[in-house]
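*Asks:* Take a look at this one; I'll ask things after.
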């Protein structure tokens with residue numbers, strides 16, 4: 001099957017799981033639930049879920065387990081975007097062509113919606129049925145995710161990003177910001193699948209880390225390019241000056257070259273993985 005069709009299948013599947021999970025919660029008519037749903041279904045590409053299901057195919061992880069992991073990761077991702085957009089953070093009024101959660105539902109409700117999605121993610125990972133996943137594996141998965149989004153991961157990335165607004169930043173510093181802010185959640189998504197499998201090898205884990213981090217950074221640069229193009233046509237470019245991005249620091253052409261380099265890294269990682277295990281061909 002062509003990967004595009006597989007991607008669409010994965011995207012449809014996780015959207016159904018997210019919809020079902022949120023609809024099972026109490027207080028469906030509350031502004032909190034409405035804000036949570038609004039943010040989760042605001043046009044996400046579900047890239048992290050696609051990586052989860054694809055990695056699960058490689059390591060023969062039960063689809064039910066992959067559903068649990070994908071749901072948890074997508075809720076974490078949505079929570080992070082809600083908080084990123086808040087006036088005290090990036091102060092963005094739009095997200096994926098729609099008004100941000102805090103503009104539609106207010107800051108206090110948006111803050112709570114992000115908090116609720118984060119706690120829901122861990123509740124799902126803690127309590128949902130995952131075939132052949134022992135309690136020891138489950139604890140390892142929870143530990144991995146909590147580490148990757150806290151002060152040693154995503155939250156630190158956001159903090160570094162906020163601090164960077166006050167000074168000049170070089171390419172190396174920008175890569176560190178995006179490593180923590182974006183790539184660590186991507187890495188965690190792939191790691192959770194591997195930790196839930198019946199395999200474990202430090203060498204394979206290192207390959208998976210290289211692959212997922214490279215994909216995460218490439219995705220961030222592409223996002224920066226798209227934002228740069230959109231913001232460049234606007235008369236008010238204060239945000240462009242305020243935020244440090246790849247196009248601003250190294251230019252559009254070098255940013256595109258950087259994406260190609262990262263794609264090459266990710267493919268080399270997959271080739272290394274092929275030498276150790278059998279990988280499905282799409």
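Backbone N, Cα and C define each Cβ position, glycine as well.
Values in this document were obtained by computation on a predicted structure and should not be read as measured data.
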*Asks:* According to Swiss-Prot, 45, 48, 96 bind isopentenyl diphosphate; so which of 12, 77, 83 is the extra one listed there?
*Replies:* 77
*Asks:* Same (2E)-geranyl diphosphate site as 95, 181, 182 according to Swiss-Prot: which of 118, 220?
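*Replies:* Within the candidate list, Swiss-Prot flags 220.
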*Asks:* Can you give me the residues near the recorded (2E)-geranyl diphosphate site, meaning same chain, not 95, 181, 182, 220 themselves, Cβ no more than 8 Å from the center of the site's Cβ atoms?
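*Replies:* Those within range, site residues removed, are 84, 178, 223.
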*Asks:* Quick check for the class: what is the C-alpha distance, in angstrom and rounded, between residue 220 ((2E)-geranyl diphosphate binding site) and residue 48 (isopentenyl diphosphate binding site)?
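*Replies:* Here the two Cα atoms lie 13 Å apart.
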*Asks:* So which other residues, same chain and not among 45, 48, 77, 96, have a Cβ within 8 Å of the centroid of the Cβ atoms at the isopentenyl diphosphate site?
*Replies:* 44, 46, 47, 74, 81
*Asks:* Using C-alpha atoms only, work out the spacing between residue 182 ((2E)-geranyl diphosphate binding site) and residue 96 (isopentenyl diphosphate binding site) and round it to an integer in Å.
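*Replies:* Distance (Cα to Cα, whole Å): 17 Å.
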